[in-house]
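Quick look at what TrEMBL annotates:
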BINDING   B:C347, B:C407, B:C410  [4Fe-4S] cluster binding site
REGION    B:418-442  region 'Disordered'
Amino acid sequence: MEAFTKHTGRAVPLRRSNVDTDQIIPAHWLKKVTRDGFEDGLFEAWRKDAEFVLNKPEREGASVLVAGPDFGTGSSREHAVWALQNYGFKAVISSRFADIFRGNSLKNGLLTVVLDQKVVDALWELTESDPQAEVTVDLEDRQVRAAGITADFDLDENARWRLLNGLDDISITLRNEQDISAYESGRPSYKPRTVQA
Amino acid sequence: MGRTLAEKVWDDHVVRRAEGEPDLLFIDLHLLHEVTSPQAFDGLRQAGRRVRRLDLTIATEDHNTPTLDIDKPIADPVSRAQLETLRKNCAEFGVRLHPLGDVEQGVVHVVGPQLGLTQPGTTVVCGDSHTSTHGAFGALAFGIGTSQVEHVLATQTLPMARPKTMAITVDGELPDGVTAKDLILAIIAKIGTGGGQGYVLEYRGPAIEKLSMEARMTICNMSIEAGARAGMIAPDQTTFDYLQGRDHAPRGEDWDAAVAYWKTLRTDEDAVFDAEVYIDATGLAPFVTWGTNPGQGAPLSANVPDPASYEDASERHAAEKALEYMGLTAGQALRDIKVDTVFVGSCTNGRIEDLRAAAAVVEGRKVADGVRMLVVPGSVRVALQAVEEGLDKVFTAAGAEWRHAGCSMCLGMNPDQLAPGERSASTSNRNFEGRQGKGGRTHLVSPQVAAASAVTGHLASPADLSDAPVTAGV
């Protein structure tokens, strides 16, 4: 996983709530067996509308998505995170994320930042009136900064440490191999098995 | 202090607990399918890792599989390649696989329970959000992403932050003609698509205890549509009776030991939930969605709501967008909404009881002119049972299409899709924009409402069918 410390970039204000993962990446894209090449599928249906915010020339190269509440609901498809990253997004800001999407994002180094809706509103107003406005997402200081806006955010220390260092979960878990083996040896015999070991 | 059901199952699976770290949980059962696993197997290959517990892992093919001509090569080369990738990966790593054409193939969340693999007090994961289905057995069942799929394949564990718990107590009894699907749609409308965020829901109370295992699966299945991490129902005699004798259920002394443990899996009297919700089942009626998220629903007898009636600006905006997409007008009676497609199936409502319920409604009747009705059993086993009971003939006599098992039109990854502007009454779980096909419009309903809608050509419940059933063949 790529480490995340601090990122500054222009933003895309997405004034929609309940953006489900079917909108982020439609199902027909899920037939691919790689983690890349999803950028053209990102918000595919909405991008057919020339007025959709992502299609505006002034948003080209923007890397921070500022979305409405309940972003990433629905399907567990990690392809939604890959599509956002493939397109160039480094961070997503919302007042509330769906759990599975949030978990997926943090495992891939896409920082999902939870801020009060009031701050999200302020970021929308700023970036709509000034598309060139830059937004800084600082994981070291756990802070989002933009012109006239400074907002602290929470992220549990363990997730932050893994992101800051770009650590791979599996390697961390395998350091506890003895704990896993000890647990396995104590499992009751009535637990289900798919095949005889 | 006492513990909730979810806390008991959680505690029994903690491999490692350390200050400042998420708990490391052991996973009892890992279900795989073709869509969310290829990148995980690639990760294992690149790191030179193996699957740690082949005996706790099982795969099937469901999302991409066609429901017609399954004996012929799959027409879509990309779908075919994805299925072939799963077959190659399972062969290379030694994972048990039930491919298309196998008698145990089907929607992954139908297959696990029917094999008896889903058991009370187990942890179950799958790279699919509807893994919450398995909570109906008192299992702690999470949908996970592909990175986590790789993590479980490699370690049989997952680091997870302990969720909060929410009790959803359903008092009273469901009235005649009101189903588990109506109940869960009403619950989601009440608490919202984010209402369960961060929680494991425990459905309890007299109305829940009376439900069959299949109805309980319908309820738990849609926990994710309320944003919950998982949904659970305490195991009881209904659960034990369902499991006994199934292929992978314990036997002999193991059965006795298992049941003794399963009986401890009830929320203690003095346990405290982080949140509580009460619903009175007696006041419920058939429920349908009108919008583009599963929380946008109302009783079938109601009208399409007026977005102006929402105080919250974000909800108002969402309702406006939804009506625009759905091509509906505020104040329009839900019963007047015409449908051109009816889908009966999915991990929500693709089990034998669902097919029986739909068949009972269409038996001796005809699907309305201009309406296409697809019946897609949740698994090959469900299909075989339905054929044995003659349900397939009931459906085809009514003019419905009897298809092969799979996810099908629930998410439209295979050729079963809505065309732009088409409108469905669907027993599936998501009415998102384009979910069932680009530009398609979805109303989530119970199997009974789906079948009645197929007969009338508009959203309807069986009670709306005043005609005497015509005899078959007329």
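For all residues, glycine too, the Cβ spot is worked out from N, Cα and C.
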Legend entry - Neighbour tally for B:C407 ([4Fe-4S] cluster binding site), based on other Cβ positions within 10 Å of its Cβ: 32
Inset, instruction - Run through the Cβ atoms and count how many others sit within 10 Å of the one on B:C347 ([4Fe-4S] cluster binding site). - result: 28
Inset, instruction - Specify the count of other C-beta atoms within 10 Å of the C-beta of B:C410 ([4Fe-4S] cluster binding site). - result: 29
Inset, instruction - Using the centroid of the Cβ atoms of B:C347, B:C407, B:C410 as reference, list every other same-chain residue with Cβ within 8 Å of it (recorded [4Fe-4S] cluster site), in sequence order. - result: B:D62, B:H63, B:V107, B:H109, B:H130, B:G345, B:S346, B:T348, B:G350, B:G378, B:G406, B:S408, B:L411, B:S428, B:N429
